[in-house]
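Residues annotated as transmembrane segment in TrEMBL: 5-25, 77-100, 107-124, 144-161, 173-196, 208-229, 241-263, 275-300, 312-332, 389-410, 422-443. Annotated domain 'Cation/H+ exchanger transmembrane' per TrEMBL: 95-447, in sequence order.
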Amino acid sequence: MHHPIFFLSLLSHNIVIFLFFFSHFSPSTPAMDEGPAVKIFNATEIHIFGDNLFVCQIPNKVFSTSSIWFGDNPLTYSAPLIMFQVSIASITLRTTAFLLKPLGQPTIVSHIIGGIILGPSILGRSEIVKKNLFPPTGIMVLDTVGWFGLMFFMFLAGVKMDPSMIRHTGRKAMTLGLSVFFLPLVVAISMAFILGRYVPMETGLKNSLPYVAASQSITAFPVISGLLAELKILNTDIGRLAMYSSLYGDLIGICATAVSFVIQKQHGDQVLPAIWETLTSITMVVFIIFIVRPAMLWVIKQTPEGKSVQELHIFAIFVAVLVAGLVSEIIGQHMVLGPLVLGLAVPDGPPLGAALVERLDTVMSEFLLPIFFVVSGLKTNLSSVQPKASWVLALVVISSSLVKIAAVMLPSLFCKIPKQHALILGIIFNAKGIIEITIYNLWKDGKVKLPPPP
């Protein structure tokens, strides 16, 4: 392992994530003037009332009824617009990846930077780009496609995870996994409350600090395993220990995130809806484990050795992903929870797990998931980062990162892990990625409601 290149890659990787993070959690700009304002984008009326944006879409604007030769603009129609958006996004992200490849950067860095380039930080400053390439009506469709891709990506991430590995990981992985989750969680949340009490800051930032602190304790298995694979250290001793340890932390994090969704959306004394959300979420997980998983095992038994799984069974699982996402939304969770649990229930390896990965991997990683990063970049305005808020957020983030390294170094004294390996593990566990970006987007879009000002 080339340590300077390794550390530089991880450092730049996290810097890009944190730029995205700071732009999402800096205090918002002042509200627009009260009263209706009307703007016209591509023959579509955009009504602005305070902070609210109302899009009035003209009917029958899906496909062009004329052509450019008759003076018609195809970008005023939904279908040509999204085709153009996806094409531009793919070219931008691929070009960014090509330019960053000599620097040894992970793919996610090029995806995030590509999205930021297309967003209001750079190209989005142009009125031509804003009105023609990413008008409000076009972003809505693109956003839907991006979240749809993320839902299938989370399912695929669950398929690639093998929870049964927990039985074979040993005491080292379990100790590290629990330590890097709980120790940063306790310290970061404590610091958030102390800062909120003694440091003057905007009310919105003060209310969000505990949630920001809690998010820093996440050690996501898909992020860690993907990063290890790209850095070509997945099959080393450090790589395997990092992967197994992150599996523990991730499973705990999934449960904690699901519970936090219920808590964060509770209003006042409405305890009964929160109880129902919790019970239905548990019921969904139990149904997947004890009904859906045995059905998948039956499919495997019906598949002759050396043969592929029938297309009907693959189709049924794809439909099940959509149903799991729908049920998650109905019961109050985010749509990625059900598909993630469903993916975890898929038996690892061939014939079923390998077949699903083979069919989904390229489409997800090369087409649908980059759209999610582009949409995230469109919501990221680096000029909105305010120094006063940034130093508070940076203090929480840096402290959490140092505590997470300490959470690896301390157990290493008892687990006989070399200090150098423990330091590298601590840095790896601080890597951020798609899971954290998803959480930040949920907060940004208001799916998770932060506490209102007192």
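Heads up, residue numbers simply count up from 1 along the chain you see.
Here the Cβ of each residue, glycine as well, is placed from N, Cα and C on the backbone.
Model, not experiment: these values are computed from the prediction.
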Winner by Cβ pairs under 8 Å against the transmembrane segment (422-443), considering only 77-100, 107-124, 208-229, 312-332, 389-410: 208-229
Long-range neighbours of the transmembrane segment (275-300), counting only residues six or more past its ends (CB under 8 A): 258-259, 261-262, 265, 309-310, 313, 317, 320, 324, 327-328, 331-333, 337-338, 341-342, 345-347, 351-352
Annotated stretches the transmembrane segment (389-410) and the transmembrane segment (173-196) touching (3 or more Cβ pairs under 8 Å): yes
